[in-house]
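Feature list (source: TrEMBL):
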- Lys188: active site, proton acceptor (ACT_SITE)
- Phe80, Ala136, Arg252, Lys281, Gln283: NAD(+) binding site (BINDING)
- Lys103, Arg252, Asn253: substrate binding site (BINDING)
- 42-154: domain 'Glycerol-3-phosphate dehydrogenase NAD-dependent N-terminal' (DOMAIN)
- 177-324: domain 'Glycerol-3-phosphate dehydrogenase NAD-dependent C-terminal' (DOMAIN)
Amino acid sequence: MVLMIIKLGLNQGFQLLVVAVGEVLLLNSLLSTLSTSALFMENVKYLPGIKLGKNVIADPDLDNAVKGANMLVFVTPHQFIDNICKSLVGKVRSDAEAISLIKGMEVKIEGPCLISTYISEQLGINCSVLMGANLASEIAEEKFSEATVGYGNNREIAEQWVQLFTTPYFMVTPVQDVEGVELCGTLKNVVAIAAGFVDGLDMGNNTKAAIIRFGLREMREFCKLLFSSVKDDSFFESCGVADVITTCFGGRNRKVAEAFAKNGGKRSFDELEAEMLQGQKLQGVPTAREVYEVLRHRGLLELFPLFATVHEICSGCLPPSAIVIYSEKKPRLPV
(Lines of atoms letter the chains of each structure in order from A and count residues from 1; the text may use other names and numbers.)
(Lines give C-alpha, C1' and ligand atoms only; values in the text may rest on other atoms or scores of the structure.)
Protein backbone atom coordinates (compact mmCIF):
# COMPACT_ATOMS: atom_id res chain seq x y z
CA MET A 1 0.00 0.00 0.00
CA VAL A 2 1.62 3.26 -1.10
CA LEU A 3 0.63 6.87 -1.46
CA MET A 4 -1.12 7.94 -4.61
CA ILE A 5 -1.84 11.56 -5.48
CA ILE A 6 -4.74 12.45 -7.75
CA LYS A 7 -4.55 15.89 -9.36
CA LEU A 8 -7.70 17.44 -10.73
CA GLY A 9 -7.48 20.26 -13.24
CA LEU A 10 -10.39 22.61 -12.66
CA ASN A 11 -11.69 25.51 -14.69
CA GLN A 12 -12.75 27.65 -11.71
CA GLY A 13 -9.35 29.15 -10.85
CA PHE A 14 -8.38 26.35 -8.50
CA GLN A 15 -5.75 23.65 -8.68
CA LEU A 16 -7.07 20.82 -6.58
CA LEU A 17 -4.92 18.11 -5.04
CA VAL A 18 -6.46 14.95 -3.62
CA VAL A 19 -4.23 13.01 -1.24
CA ALA A 20 -5.43 9.42 -1.36
CA VAL A 21 -4.08 5.96 -0.72
CA GLY A 22 -4.02 3.30 -3.38
CA GLU A 23 -2.05 0.37 -4.72
CA VAL A 24 0.34 1.58 -7.42
CA LEU A 25 2.25 -0.51 -9.95
CA LEU A 26 4.80 0.58 -12.54
CA LEU A 27 4.41 -1.30 -15.79
CA ASN A 28 6.59 -0.53 -18.85
CA SER A 29 7.30 2.90 -17.36
CA LEU A 30 3.58 3.69 -17.45
CA LEU A 31 1.72 4.52 -14.26
CA SER A 32 -0.99 1.95 -13.75
CA THR A 33 -3.02 1.79 -10.58
CA LEU A 34 -5.56 -0.62 -9.27
CA SER A 35 -7.55 2.24 -7.81
CA THR A 36 -7.19 4.73 -10.66
CA SER A 37 -6.21 3.26 -14.01
CA ALA A 38 -4.21 5.65 -16.15
CA LEU A 39 -5.05 3.58 -19.20
CA PHE A 40 -8.80 3.28 -18.80
CA MET A 41 -9.64 6.16 -16.40
CA GLU A 42 -11.43 3.67 -14.23
CA ASN A 43 -11.26 2.48 -10.64
CA VAL A 44 -10.99 -1.12 -11.77
CA LYS A 45 -10.79 -2.55 -8.26
CA TYR A 46 -13.52 -0.73 -6.34
CA LEU A 47 -15.70 0.96 -9.01
CA PRO A 48 -15.46 -1.22 -12.12
CA GLY A 49 -17.35 0.10 -15.12
CA ILE A 50 -17.42 3.69 -13.85
CA LYS A 51 -15.44 6.11 -16.04
CA LEU A 52 -13.56 8.86 -14.23
CA GLY A 53 -13.18 12.36 -15.60
CA LYS A 54 -10.37 13.10 -18.06
CA ASN A 55 -9.00 15.71 -15.65
CA VAL A 56 -8.01 13.02 -13.14
CA ILE A 57 -4.26 12.31 -13.17
CA ALA A 58 -2.64 9.72 -10.90
CA ASP A 59 0.74 10.89 -9.60
CA PRO A 60 2.74 8.84 -7.06
CA ASP A 61 5.17 11.73 -6.42
CA LEU A 62 3.86 13.79 -3.51
CA ASP A 63 6.38 16.62 -3.96
CA ASN A 64 5.51 17.00 -7.63
CA ALA A 65 1.77 16.75 -7.12
CA VAL A 66 1.54 19.34 -4.34
CA LYS A 67 3.31 22.09 -6.30
CA GLY A 68 1.04 25.08 -6.82
CA ALA A 69 -2.07 23.45 -5.35
CA ASN A 70 -4.18 25.96 -3.44
CA MET A 71 -6.88 23.51 -2.36
CA LEU A 72 -5.97 20.17 -0.80
CA VAL A 73 -8.42 17.31 -0.26
CA PHE A 74 -7.35 14.60 2.21
CA VAL A 75 -9.01 11.21 1.70
CA THR A 76 -7.14 8.36 3.40
CA PRO A 77 -7.61 5.95 6.27
CA HIS A 78 -6.61 8.01 9.29
CA GLN A 79 -3.77 5.61 10.09
CA PHE A 80 -1.78 7.19 7.23
CA ILE A 81 -2.29 10.88 7.98
CA ASP A 82 0.76 11.31 10.22
CA ASN A 83 3.29 10.27 7.56
CA ILE A 84 1.46 12.21 4.86
CA CYS A 85 1.50 15.45 6.82
CA LYS A 86 5.15 15.03 7.74
CA SER A 87 5.95 14.61 4.04
CA LEU A 88 4.04 17.79 3.17
CA VAL A 89 5.60 20.09 5.78
CA GLY A 90 7.16 23.11 4.04
CA LYS A 91 5.89 22.05 0.62
CA VAL A 92 2.38 23.52 0.47
CA ARG A 93 1.40 27.08 -0.30
CA SER A 94 0.92 29.25 2.77
CA ASP A 95 -2.47 30.37 1.42
CA ALA A 96 -3.65 26.85 0.60
CA GLU A 97 -6.97 25.62 1.97
CA ALA A 98 -7.47 22.00 3.05
CA ILE A 99 -10.52 19.82 3.55
CA SER A 100 -10.58 16.42 5.22
CA LEU A 101 -12.88 13.51 4.44
CA ILE A 102 -11.03 11.35 6.97
CA LYS A 103 -12.86 9.55 9.77
CA GLY A 104 -10.91 9.07 12.99
CA MET A 105 -8.88 10.92 15.56
CA GLU A 106 -5.38 11.04 16.97
CA VAL A 107 -5.28 10.14 20.66
CA LYS A 108 -2.41 11.85 22.45
CA ILE A 109 -1.34 12.08 26.09
CA GLU A 110 -2.83 15.56 26.33
CA GLY A 111 -6.12 14.38 24.83
CA PRO A 112 -7.80 13.57 21.50
CA CYS A 113 -6.93 15.58 18.40
CA LEU A 114 -9.27 15.76 15.40
CA ILE A 115 -7.73 15.00 12.01
CA SER A 116 -8.61 18.46 10.69
CA THR A 117 -6.86 20.03 13.67
CA TYR A 118 -3.83 17.81 13.15
CA ILE A 119 -3.60 18.79 9.47
CA SER A 120 -3.87 22.49 10.38
CA GLU A 121 -1.22 22.23 13.09
CA GLN A 122 1.22 20.25 10.95
CA LEU A 123 0.89 22.29 7.75
CA GLY A 124 -0.05 25.71 9.10
CA ILE A 125 -3.16 26.00 6.92
CA ASN A 126 -6.89 26.10 7.51
CA CYS A 127 -8.72 22.76 7.26
CA SER A 128 -12.46 22.25 6.81
CA VAL A 129 -14.23 18.86 6.73
CA LEU A 130 -16.66 17.05 4.42
CA MET A 131 -18.86 14.31 5.88
CA GLY A 132 -22.23 12.84 5.06
CA ALA A 133 -24.48 9.99 4.04
CA ASN A 134 -22.87 9.09 0.75
CA LEU A 135 -21.70 5.61 -0.22
CA ALA A 136 -19.11 5.81 -2.98
CA SER A 137 -20.74 3.24 -5.25
CA GLU A 138 -24.03 5.15 -5.32
CA ILE A 139 -22.34 8.50 -5.95
CA ALA A 140 -20.40 6.90 -8.82
CA GLU A 141 -23.72 5.81 -10.32
CA GLU A 142 -24.93 9.42 -9.96
CA LYS A 143 -27.71 8.53 -7.55
CA PHE A 144 -28.78 11.54 -5.50
CA SER A 145 -26.98 12.02 -2.21
CA GLU A 146 -25.76 14.85 -0.01
CA ALA A 147 -22.93 15.89 2.26
CA THR A 148 -22.03 18.49 4.87
CA VAL A 149 -19.08 20.88 4.82
CA GLY A 150 -18.01 21.79 8.33
CA TYR A 151 -16.12 25.08 8.46
CA GLY A 152 -14.68 27.48 11.03
CA ASN A 153 -14.96 31.24 10.66
CA ASN A 154 -14.61 31.75 6.91
CA ARG A 155 -17.95 31.35 5.16
CA GLU A 156 -16.38 32.34 1.82
CA ILE A 157 -14.04 29.35 1.90
CA ALA A 158 -16.94 27.08 2.80
CA GLU A 159 -18.86 28.32 -0.23
CA GLN A 160 -15.83 27.57 -2.44
CA TRP A 161 -15.83 23.97 -1.22
CA VAL A 162 -19.57 23.75 -1.79
CA GLN A 163 -19.06 25.04 -5.35
CA LEU A 164 -16.31 22.51 -6.04
CA PHE A 165 -18.19 19.47 -4.74
CA THR A 166 -21.79 20.22 -5.76
CA THR A 167 -23.29 18.48 -8.79
CA PRO A 168 -26.91 17.98 -9.88
CA TYR A 169 -26.91 14.66 -7.99
CA PHE A 170 -24.65 15.64 -5.04
CA MET A 171 -25.94 18.37 -2.75
CA VAL A 172 -23.52 19.99 -0.28
CA THR A 173 -24.56 22.14 2.69
CA PRO A 174 -22.15 24.30 4.74
CA VAL A 175 -22.36 24.23 8.54
CA GLN A 176 -20.25 26.37 10.86
CA ASP A 177 -19.26 23.50 13.15
CA VAL A 178 -16.03 21.74 12.19
CA GLU A 179 -15.86 19.69 15.38
CA GLY A 180 -19.46 18.53 15.30
CA VAL A 181 -19.44 17.58 11.63
CA GLU A 182 -16.10 15.77 11.87
CA LEU A 183 -16.95 13.85 15.03
CA CYS A 184 -20.27 12.73 13.56
CA GLY A 185 -18.42 11.30 10.57
CA THR A 186 -15.96 9.61 12.92
CA LEU A 187 -18.29 8.17 15.55
CA LYS A 188 -20.92 6.83 13.17
CA ASN A 189 -18.53 4.00 12.28
CA VAL A 190 -18.56 2.79 15.90
CA VAL A 191 -22.37 2.68 15.81
CA ALA A 192 -22.18 0.81 12.49
CA ILE A 193 -20.01 -1.87 14.11
CA ALA A 194 -22.72 -2.32 16.76
CA ALA A 195 -25.40 -2.53 14.05
CA GLY A 196 -23.35 -5.19 12.29
CA PHE A 197 -23.23 -7.29 15.45
CA VAL A 198 -27.03 -7.06 15.66
CA ASP A 199 -27.38 -8.18 12.03
CA GLY A 200 -24.90 -11.02 12.44
CA LEU A 201 -26.82 -12.36 15.42
CA ASP A 202 -30.21 -12.00 13.69
CA MET A 203 -31.57 -9.82 16.46
CA GLY A 204 -34.02 -8.08 14.15
CA ASN A 205 -35.04 -4.58 13.14
CA ASN A 206 -36.36 -3.47 16.53
CA THR A 207 -33.02 -4.16 18.18
CA LYS A 208 -31.13 -2.49 15.37
CA ALA A 209 -33.31 0.62 15.62
CA ALA A 210 -32.67 0.74 19.36
CA ILE A 211 -28.91 0.40 18.86
CA ILE A 212 -28.95 3.24 16.32
CA ARG A 213 -30.87 5.47 18.75
CA PHE A 214 -28.53 4.65 21.63
CA GLY A 215 -25.59 5.27 19.34
CA LEU A 216 -26.86 8.69 18.27
CA ARG A 217 -27.35 9.64 21.90
CA GLU A 218 -23.80 8.64 22.81
CA MET A 219 -22.44 10.40 19.72
CA ARG A 220 -24.07 13.63 20.83
CA GLU A 221 -22.87 13.32 24.42
CA PHE A 222 -19.31 12.44 23.37
CA CYS A 223 -19.17 15.42 21.01
CA LYS A 224 -20.42 17.75 23.73
CA LEU A 225 -17.94 16.25 26.18
CA LEU A 226 -14.99 17.12 23.96
CA PHE A 227 -16.30 20.36 22.45
CA SER A 228 -19.01 22.38 24.16
CA SER A 229 -19.32 24.46 20.98
CA VAL A 230 -20.81 21.55 19.00
CA LYS A 231 -24.24 22.51 17.67
CA ASP A 232 -27.28 20.29 18.12
CA ASP A 233 -28.42 21.16 14.59
CA SER A 234 -25.36 19.42 13.14
CA PHE A 235 -26.82 16.05 14.15
CA PHE A 236 -29.77 16.67 11.82
CA GLU A 237 -27.56 17.40 8.82
CA SER A 238 -26.34 14.76 6.38
CA CYS A 239 -23.25 14.23 8.54
CA GLY A 240 -25.41 13.25 11.50
CA VAL A 241 -28.46 11.03 11.65
CA ALA A 242 -28.50 10.47 7.87
CA ASP A 243 -24.92 9.20 7.82
CA VAL A 244 -25.57 6.92 10.80
CA ILE A 245 -28.55 5.35 9.03
CA THR A 246 -26.66 4.85 5.75
CA THR A 247 -23.59 3.40 7.45
CA CYS A 248 -25.62 1.08 9.67
CA PHE A 249 -27.36 -0.43 6.65
CA GLY A 250 -24.87 -0.20 3.79
CA GLY A 251 -21.34 0.47 4.97
CA ARG A 252 -18.32 -1.82 5.14
CA ASN A 253 -18.01 -1.48 8.92
CA ARG A 254 -21.46 -2.99 9.33
CA LYS A 255 -20.69 -5.68 6.77
CA VAL A 256 -17.50 -6.91 8.44
CA ALA A 257 -18.99 -6.65 11.94
CA GLU A 258 -21.86 -8.84 10.77
CA ALA A 259 -19.36 -11.48 9.62
CA PHE A 260 -17.48 -11.17 12.91
CA ALA A 261 -20.68 -11.86 14.87
CA LYS A 262 -21.72 -14.77 12.62
CA ASN A 263 -18.36 -16.37 13.36
CA GLY A 264 -18.89 -15.91 17.08
CA GLY A 265 -15.94 -13.56 17.31
CA LYS A 266 -13.56 -16.41 16.50
CA ARG A 267 -12.13 -14.71 13.41
CA SER A 268 -10.35 -11.42 13.96
CA PHE A 269 -11.35 -8.15 12.33
CA ASP A 270 -7.93 -8.01 10.66
CA GLU A 271 -8.54 -11.38 9.02
CA LEU A 272 -12.05 -10.51 7.91
CA GLU A 273 -10.96 -7.09 6.65
CA ALA A 274 -8.26 -8.63 4.47
CA GLU A 275 -10.68 -11.23 3.11
CA MET A 276 -13.73 -9.04 2.51
CA LEU A 277 -12.54 -5.53 1.67
CA GLN A 278 -9.93 -6.02 -1.08
CA GLY A 279 -7.46 -3.62 0.49
CA GLN A 280 -9.90 -1.11 1.94
CA LYS A 281 -9.61 -0.31 5.63
CA LEU A 282 -12.13 -0.44 8.46
CA GLN A 283 -12.39 2.75 10.49
CA GLY A 284 -14.89 1.65 13.12
CA VAL A 285 -12.59 -0.74 14.99
CA PRO A 286 -9.64 1.65 15.52
CA THR A 287 -12.05 4.51 16.25
CA ALA A 288 -13.81 2.42 18.90
CA ARG A 289 -10.41 1.82 20.52
CA GLU A 290 -9.56 5.53 20.41
CA VAL A 291 -12.91 6.52 21.91
CA TYR A 292 -12.45 3.87 24.60
CA GLU A 293 -9.02 5.29 25.50
CA VAL A 294 -10.45 8.80 25.82
CA LEU A 295 -13.31 7.62 28.04
CA ARG A 296 -11.11 5.40 30.19
CA HIS A 297 -8.63 8.21 30.74
CA ARG A 298 -11.46 10.45 31.93
CA GLY A 299 -13.17 7.75 34.01
CA LEU A 300 -16.35 7.93 31.93
CA LEU A 301 -16.70 4.43 30.47
CA GLU A 302 -19.89 3.68 32.42
CA LEU A 303 -21.54 6.74 30.94
CA PHE A 304 -21.02 5.46 27.38
CA PRO A 305 -21.98 1.77 27.58
CA LEU A 306 -22.52 1.27 23.86
CA PHE A 307 -19.15 2.71 22.82
CA ALA A 308 -17.39 0.80 25.60
CA THR A 309 -19.10 -2.47 24.72
CA VAL A 310 -18.27 -2.18 21.02
CA HIS A 311 -14.56 -1.92 21.77
CA GLU A 312 -14.65 -4.74 24.33
CA ILE A 313 -16.31 -7.01 21.76
CA CYS A 314 -13.86 -6.00 19.02
CA SER A 315 -10.91 -6.72 21.32
CA GLY A 316 -12.24 -10.12 22.32
CA CYS A 317 -13.09 -9.25 25.93
CA LEU A 318 -16.81 -9.82 25.37
CA PRO A 319 -18.83 -12.00 22.96
CA PRO A 320 -20.82 -10.31 20.17
CA SER A 321 -24.06 -11.07 22.03
CA ALA A 322 -22.99 -8.59 24.72
CA ILE A 323 -24.02 -5.76 22.41
CA VAL A 324 -27.50 -5.74 23.99
CA ILE A 325 -26.55 -6.55 27.56
CA TYR A 326 -25.36 -3.01 28.21
CA SER A 327 -28.91 -1.74 27.70
CA GLU A 328 -29.77 -2.99 31.18
CA LYS A 329 -27.61 -0.16 32.54
CA LYS A 330 -29.17 3.26 32.90
CA PRO A 331 -26.32 5.75 32.96
CA ARG A 332 -26.90 9.34 33.93
CA LEU A 333 -25.18 11.33 31.25
CA PRO A 334 -23.70 14.65 32.35
CA VAL A 335 -25.56 17.76 31.21
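Just so it is clear, glycine is given a Cβ too, placed from its N, Cα and C backbone atoms.
Taking CA atoms as the reference points, Gln283 (NAD(+) binding site) and Asn253 (substrate binding site) are 7 Å apart.
The two recorded residues Ala136 (NAD(+) binding site) and Lys103 (substrate binding site) have their Cα atoms spaced 15 Å from each other. For the domain 'Glycerol-3-phosphate dehydrogenase NAD-dependent N-terminal' (42-154), DSSP puts the residue distribution at 30 helix, 40 strand, 43 coil. Sorting the domain 'Glycerol-3-phosphate dehydrogenase NAD-dependent C-terminal' (177-324) by DSSP state (H, G, I as helix; E, B as strand; all else coil) yields 115 helix, 0 strand, 33 coil. Rounded to a whole number, the distance between the Cα atoms of Lys103 (substrate binding site) and Lys188 (active site, proton acceptor) is 9 Å.
Local packing around the Cβ, expressed as the count of other Cβ atoms within 10 angstroms, is greatest for Lys188 among the recorded positions Lys103, Lys188, Arg252, Lys281. Close to the recorded substrate site, the chain also has Asn189, Ala192, Thr247, Gly251, Leu282, Gln283, Gly284: residues not among Lys103, Arg252, Asn253 whose Cβ is within 8 Å of the site's Cβ mean position.
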